[in-house]
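As given in TrEMBL:
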DOMAIN    3-68  domain 'HMA'
DOMAIN    70-137  domain 'HMA'
TRANSMEM  158-178  transmembrane segment
TRANSMEM  184-202  transmembrane segment
TRANSMEM  214-236  transmembrane segment
TRANSMEM  242-259  transmembrane segment
TRANSMEM  399-418  transmembrane segment
TRANSMEM  424-444  transmembrane segment
TRANSMEM  736-756  transmembrane segment
TRANSMEM  762-778  transmembrane segment
Amino acid sequence: MSAHLTIDIEGMRCAGCANKVARTLSNLDGVSRADVNFALNRATIEPASADIRERSLEAIKQLGYKSKTTVISVHIEGMHCASCVTKVEQALNTLPDVVSASINLATGKARIEALESNQELQHQIELSIESLGYHARPETASQGNSAEHHSVLSSSSWMLVVAALLCVPLLLPMTGVIQPLPGWAQLILALPIQLGLGYRFYRGSYHALKSRYANMDVLVALGTSAAFLYSVTLMLTGHDGHHLYFESAAVLLTLISFGKWMEERAKRKTAFALDALLSLTPDVARRWQDGSWQETSLASLRLGDRILVKPGERVPVDGRILSGQSELDESLLTGESLPVSRQPGDNVIAGSINGSSTLEINATAMGSDTTLARIIQLVEEAQSGKAPVQQLVDRISSIFVPVVLGIAALTLLGWLVAGGSFTQALMAAVSVLVIACPCALGLATPTALLTGTGIAARHGILIRDLQVLESARHIDTVFFDKTGTLTVGKPMVSHWYQRQAAPEQLASIVLGVQQGSEHPLATAYTDYAHNLGVQAAETDAITAIAGKGIKASYQQQPVLIGTATLLQEHGISIPDDDAQLLALQQTNGSLVHVAINNEWFAAYTLSDQARETSASAIKLLHQRNIASYMLTGDRQESAVTLAEELKLDGFHAGLLPAQKVEHIAEHQKQHPTLMVGDGINDAPALAQADLSIAMGSGTDVAKETASITLLHADPRLVPAALDICRRTRTKITQNLFWAFIFNSLGIPLAACGYLSPALAGGAMALSSLTVLGNALLLRRWRPGW
C-alpha cells in the first residue's frame, strides 16, 4: 500500500466544492488517486511526495480555498554560517507533511509550517536536524533560555582566556622578546588549542561531510589542521623550531573562536524586543476563590475569573475592569509612552503595568489568546521570515564553500607552479580558507531583520509581511481612510432636524434600528438618544447596506436610515426647498437621512474630530516628499473641511468600498501607493494597495489584510513605519555589501600572500562583527517627532 498525503482544506461550502477539488487534484501529473471528504474538509492524495505536495497545495490555493497548516517552532544549536542554514532548510523541506521551513541564523530558530503537528513529525524533524550534526529542541523549551545562554558564553569565555594565555609564548618570539621555542614546546602549547577550541569545528566538519556538503566548519578545520600538521611534519623531519607554524594554527583558532563568542553576545542583543515581550507576563495571578483572593498559576485561570491587580503589578490576562480606576503603562505593548487612564467597563491587556490603584478585572482572554500573545506571535513570524533579497543570498551560500575550496586548491597549485615554496603555497591556501568563511554573509540579513522588526515592535509598529521592506522605499503616495484613521472615530450627533409631520415615535424608531449595530455612526446616535432618555421602539428585519446605511421595518412599514443615495435608490425624494435642511447640509459632518414608509421625515449630522496628531503625520509625510490623500464615504462638505484642516494634497468623498479600490488601482499605474485604514469597508482597499497599514483601533478584518499593524492609533506612526522599513532595508543592503567586500578583497589578498593565516582569521571575525554591529545601530532608531 503506497503512502498517502492528507491535506485539511478550509472554505469548501458544499459537496460541489469538494468534487471540484477532487477533480483538480486527480488531474495533477503523478497523482494516482485523490479523494475529498466534504464532511471532514479533508483531501487524501496518493502517492505522497514533496513535489506532489507542493503542486497540490498550489492547486487548492488557485481554486480559492485554503490549506490548513500548523506552525512548529524548533531551536537549533550549532549552526555557524549561511551554508548550515541552507542545508538544514533543504533537509526539513523534504520531510512529509512539511509545507515550508525557514531558519533565522541570528536566533537559531526554525519556523516549520506543516500540514499537521504530531509526535511522529516532530520526532522526524529532530532526527533530520541531528543527523546533520546539530542539536534540536522544541521552542517551548528554549523560550526561557537566557540563563543557559549566559552559561554557555561563560564556559566559552574561560576556554578563550586559557587559549589566549597559551598563545602568548608562541607569539613573543615574533617580537624578538624571547628566543624561538623548541618544536616540542610549541607543540605542547598548540595542541590543547587545536583539540579544545578546534573540537567544535572538527565535529561540525564530520557531520557536514557525512551529509555530503561543506560549511564554515570544514574551511576552519581544513585550514588550521593544514598549518598544524605541516608544523608537526617539519618538526619530525628535524627542522629548526623557527620555521614551524604552530602559532598560525593556534592564533587562528583563538581569533575565530573569540569572533564567534562576540558574535553570540551580539546576536543575543538583536532579539532584545522579543525577550522584553516574553518577560511581560507575570508567573502568578490573584484569583477570587472560595471567598478569598488566592495566588494561582496562570495555567489554572479560566474565562470569567475575577482577578486582583495591585499597584505596580503587571496585568496577567486580558480583561474588563469590574472595579477601580487607574493609569496603566502599555508602552512596551503599544508604543504609547504616556500612561493611559482606565475605569470600570474599560478593557485592559495582559503585560501592562498597573498604576497607583488596585483593579479588579474579569478575565476575557488568556494564554495564547491574549493581545500580548498575538503580538509575540506576529513578531516571531516576522523575525522567522526572509526578506526578498535573502533568496539571492541563499543561492550564493549554497555554492560559496565549494567555490572557496576550489580557489584554495588553485592558490596552492598556483604558488607551486610559479616557483614558490610549499610553505608559501600552503600558508596562502590556509589564508584563503579562513578569510572566506561565509559567517558575515549568513548574518547580514537576519540580524538586520531582528533588530529592525524588534525596534519597530517596541514603538507599536508590527511588521507582518517582510515584502514591505522592499516596497516601502518606493512609496510616494499615501491614501488615508477618514473615520477612525485621521479622525478619532467617535462621532457625535451635533444637529437634529425633523419635519413637523414626522411620527411622534420617530426618535424611538431610529434608536430601535441603530442600537443593534456596532458601527461607530450607529453608536453615536444610540448614545445621543440615551442621553435624551429616549426608549427604543421594536423594529425587525434590520439589514446593513455597505457604505449606504440600514434598512429595517417598523410595524410593517419600511424604514431607511442612511445617505441620500440610499433614499434615492428607493425612490424617496429629499426636500430641496426646506431652509433648515439646506442649512444642515452646509454644516461640517456626515448627514444621515431618515425615511419611514417611503417618505422623508428627518436628518441629523454626525461630527468627528480630527486626531491631535493627524496634521503632524501629514506634515512628516510631506517632508519626505510623499503625497497624502483621503478616501471617505462621507459627503463632500465634511471631507472638504477636514482636508483643509490637515492640508491634504487631495481627497475623494462619497465613495463605496469598491470605488476606493478603483481610485487606488488607477493611481497605482503611475505611483506606488500605501493605504491606511481601520474598518471592514477598508479591507478591499488595503488588499489592493502596494503596501497597507491597519490602525490599532481597527477591526480584525482590516488588521489581517494589512502588511503592517499599528498597535497605537497614532497617524504619526505611518511615516515612522515607512522610515523603519526603509532603514532596515538599508541596513540589509549595507551588511550584504560589507560581507561581499570582505570576501571580494580578502580572498585575492590572501591568495597573493599578503595576509598571514592569523590576519586572515582576524579579518574573518571582524567581518561578522562589523555586520552585527551595523545591524545593532538600528536600536538607536526613534520615530521622527
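In case you wondered, yes, glycine gets a Cβ from its N, Cα and C as well.
Model, not experiment: these values are computed from the prediction.
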(Q) Which residues of the chain, 6 or more past the ends of the transmembrane segment (184-202), have a CB below 8 A from one of its CBs? (A) 78, 159-160, 162-163, 166-167, 169-170, 217, 220-221, 224-225, 228, 231-232, 235, 241, 244, 246-247, 249-250, 253-254, 257
Q) For the transmembrane segment (762-778), what are the same-chain contacts with Cβ under 8 Å, counting residues 6+ beyond its ends? A) 255-256, 258-260, 262-263, 266-267, 269-270, 434-437, 439-440, 443-444, 447-448, 450-452, 455, 724, 727-728, 731, 734-735, 738-739, 742-743, 746, 755
Q | Maximum Cβ pairs under 8 Å to the transmembrane segment (424-444) - stretch from the list 158-178, 242-259, 736-756 | A | 736-756
Q. For the transmembrane segment (736-756), what are the same-chain contacts with Cβ under 8 Å, counting residues 6+ beyond its ends?
A. 248, 389, 393, 404, 407, 411, 414-415, 424, 427-428, 431-432, 435-436, 440-441, 443-445, 763-764, 766-767, 770-771, 774
Q: Over the span of the domain 'HMA' (70-137), count residues by DSSP class, listing helix, strand and coil in order.
A: 25 helix, 24 strand, 19 coil
